[in-house]
Amino acid sequence: MANGERETARGHWASKTEFILSCMGYAIGLGNVWRFPYLCYRNGGGAFLVPYLLMLTLCGIPLFFLEVCLGQFSSTGCITVFKIVPLLKGAGIAIVVINFICTAYYNAIISYPLLFLWRSLQSQLPWESCHNAWNTARCVELRGSDTHVELFLNNSALSVSERYRTPADEFFHHEILHISDGIDHLGGVVWPLFVCDVLAWAIIFGCIAKGVQSVGKVVYFTATFPFLILAVLLVRGVTLPGALEGIRFYIMPQWDQLLNLRVWADAAIQIFFSLGPGWGGIVNMASYNRFQNNTKLDSIVIPVVNCGTSILAGFVVFSVLGYFSHQTGLPVATAATGGPGLAFITYPEAISMLPLSPLWACLFFSMLFFLGVDSMIEAIVSSVLDVFPAVRSKKLLITAGTCFLLFLMSLPCVTRGGMYLVQLLDWYSASISVILVCIVEVIAVGWIYGCERFVRDVQFMIGRKVERFWIVCWKFITPIVLTFIFGTTILYNTEVSYNGQTYPRWAIAIGWASCSVSMLCIPGYILYKLITSKGSFMKRVKNNLKPQDWGPADENQRALWNDHIECIQKRLVVRERVPK
């Protein structure tokens, strides 16, 4: 198939707006709501914004710009984009492996908001009281009882089995999850979660069935609706009694925290995982852009909006936690948690205390679902089709098959012990490997292909100058920051636990294996290429470090690009001949 035909077959975004909304939907996810606010409070409040915004400028935006340029220039996905340095194609394969593992368990997570949403459609929220079949003798209602608040504050001194639980805690663990005693007791399938898992996969398949054509239309809703709900929840939150105390707790700067290396590490890691480089999604979405789209402006606007959303979500969360503190007498610090505990226990508990609580619960869980629904499956499908363009005519079948395979992989995550498995995979499977992929990416562009050549390509593509700032970041600052993130992620890595349960050694080994299987794709492919290539060892290395079939996919643009390179080379020859 000719290059021009291949580009036509892949398609384009119908407008620039579709690309921007797709990137925003991809980058803005559950982590903006349940991770950033907690990190900000834990790491110095408003002072945390200093390292956060600095890491955004020096690493987040340059890395985002790099991936957008790679995808748009080559009009190809995350595997074949490594035509720029063929020896490192294993990094593209690693991306697909990471996506397969993470998309399976991630879809189980977004089935939780669907079930919560269904259970919220009644006059009284089922987690408002302790008078339900799923509640235990350790259930404690915090409203209007100083004794209960005191019991709850003393929880840390008790064993896990003796601790008091809020109604929302018991509803999530006993009614939604039907949670078992540990990962070694997966138990049977939780059928309501199974139904929600099926529904979530059906929705995702409907969104991506026609590739860029359907995704481009769906994002007008999925990427904007969460912002609308976030705005509504913000207005409601800041008007609640106690909201200002919660917000003050969230943003009050603690400048001494800036001397803590962990704070800088958390800022860098949050920027990295919030924007989503290294997952293939950015490269994939950019590959559907028109060739001359101004990627520089897009790569500044989208990360800034993403980080602004994180900060805004903090006001939404902590205004309601301030109200929760006001109603119960519990300190805000006790209520402030991160991860699923914030989204499915603490925030729902606070919502249950509001007037018209079912309405706010429906809005909140709708927002969580649509934040999570922008998945990475389209990146997997597009990457496979780019490697095997002959099967592009069967894209619908391949998409359906991929969704079904991932659905089967997600089934263990909707069992009674599924949450333990979700936490295990979330803790290990991508935290280190995605960072390694990005390190390989910037080395491939900045040091092997060469920043000068890459800047030449980008300037030809967008028709604008690429400033020295980007060159310095791609070649020096971003690789250094990524290496820092890689090191601190390993240094501060602790063994996973959930619901007070520690994991057995075999489970920890599975977690590390889920991380290693993707990382091993990189040296594995290098070894494969060197073995199957011809010539001496050094010749094999040099040949596989040279770009192969790298350039614009469109034949006309490729011809112009080749002419552009020839003109540059002729000018250099003339300049060298001119006597100084």
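Any Cβ shown, glycine's included, is placed from N, Cα and C.
According to TrEMBL, the transmembrane segment annotation covers 19-37, 49-70, 91-118, 189-209, 218-244, 264-288, 300-324, 358-385, 397-421, 427-449, 469-494, 506-528. According to TrEMBL, the feature Na(+) binding site maps to GLY25, ALA27, ASN32, SER274, ASN306, LEU371, ASP374, SER375. Marked as disulfide bond by TrEMBL: CYS130-CYS139.
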Maximum Cβ pairs under 8 Å to the transmembrane segment (506-528) - stretch from the list 91-118, 218-244, 397-421:
91-118
Only counting partners 6 or more residues apart, tell me which same-chain residues put their Cβ under 8 Å from the Cβ of ASN306 (Na(+) binding site).
MET24, ALA27, ILE28, ASN32, SER274, LEU275
Would you call the transmembrane segment (91-118) and the transmembrane segment (189-209) in contact, using three or more Cβ pairs under 8 Å, pairs 6 or more apart in sequence?
yes
Provide the number of Cβ atoms within 10 Å of the Cβ of ASN32 (Na(+) binding site), excluding the reference atom itself.
24
Relative to the transmembrane segment (427-449), which of 189-209, 264-288, 358-385 accounts for the most Cβ pairs at distances under 8 Å?
264-288
LEU371 (Na(+) binding site) to CYS139 (disulfide bond) - Cα separation in whole Å:
31
Can you check which residue among the recorded positions ALA27, CYS130, CYS139, LEU371 has the largest number of Cβ atoms within 10 Å of its own?
LEU371
Checking distant contacts: for the transmembrane segment (218-244), what same-chain residues at least six beyond its ends satisfy Cβ-Cβ under 8 A?
18, 21-22, 24-25, 28, 207, 309, 312-313, 315-316, 319-320, 322-327, 354, 360, 363-364, 366-367, 370-371, 373-374
Hey, would you say the transmembrane segment (358-385) packs against the transmembrane segment (397-421), going by three or more CB pairs under 8 A that are 6+ residues apart?
yes
Do we see three or more Cβ pairs under 8 Å linking the transmembrane segment (264-288) and the transmembrane segment (19-37), pairs being at least 6 apart in sequence?
yes
If you count Cβ pairs under 8 Å, which stretch among 19-37, 189-209, 300-324, 397-421, 469-494 touches the transmembrane segment (49-70) the most?
469-494
Could you state the whole-number distance in Å separating the C-alpha atoms of CYS139 (disulfide bond) and GLY25 (Na(+) binding site)?
38
Rank the binding-site residues GLY25, SER274 by the number of other Cβ atoms within 10 Å of each Cβ, and give the residue at the low end.
SER274
Could you check if the transmembrane segment (189-209) is in contact with the transmembrane segment (469-494), meaning 3+ Cβ pairs under 8 Å among residue pairs at least 6 apart in sequence?
no
